[in-house]
Amino acid sequence: FTGSAFGSAAIWQYESLKSRVQTYFEEARADWMDKMRPQKRGDFRKQVNSWWNSLTEGQRTVTGIIAANVFVFCLWRLPGMRRIMFTYFTSNPSSRALCSPMLLSTFSHFSLFHMAANMYVLWSFSSSIVSLLGSEQFIAVYLSAGVISTFVSYVAKMATGRFEPSLGA
């Protein structure tokens with residue numbers, strides 16, 4: 001999984017760089033066209049774009065991760081989703097589904113405080129780590145760390161004979 005994650009990140013990084021170069025030339029042309037058109041006022045989309053552009057690259061990168069964690073947290077609160085959530089979003093070495101929960105449990109939090117604390121820490125160091133690694137490599141590290149920590153949890157549970165499900169990385 002880790003090799004695939006970093007290989008995919010390298011391809012994504014290349015495609016992202018190629019896209020940025022193309023966008024640069026397209027924006028130069030679009031800026032000239034915008035000067036010719038009258039500007040709208042109070043446009044919600046422009047306000048959201050302004051907020052988004054004020055974020056660092058790291059904060060933009062972890063926004064998706066935080067959104068995924070919040071979405072999974074909300075799914076835990078739906079009674080009809082409990083069975084699916086226990087099957088695919090908890091890690092348990094005695095489960096029939098072993099591989100997908102290794103990744104999906106990374107996004108699972110049952111306690112609001114635990115999730116909020118984790119997301120705050122992720123947000124706080126995101127700018128520095130993404131500037132060091134790049135957003136693509138950071139996501140590969142994040143996902144790989146989740147899978148590896150779940151694997152270590154599987155090994156520990158097998159060694160101790162405790163087969164209860166667990167959440168998180």
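Placement of Cβ uses the backbone N, Cα and C atoms for every residue, glycine included.
Annotated transmembrane segment per TrEMBL: 61-78, 98-117, 137-156, in sequence order. Marked as domain 'Peptidase S54 rhomboid' by TrEMBL: 102-169.
For the transmembrane segment (98-117), same-chain residues at least 6 beyond its ends with a Cβ under 8 Å from one of its own Cβ atoms are 1, 68-70, 72-73, 76, 85, 87-92, 142-143, 146-147, 149-151, 154, 166-169. In the domain 'Peptidase S54 rhomboid' (102-169), helix, strand and coil residues by DSSP number 54 helix, 1 strand, 13 coil.
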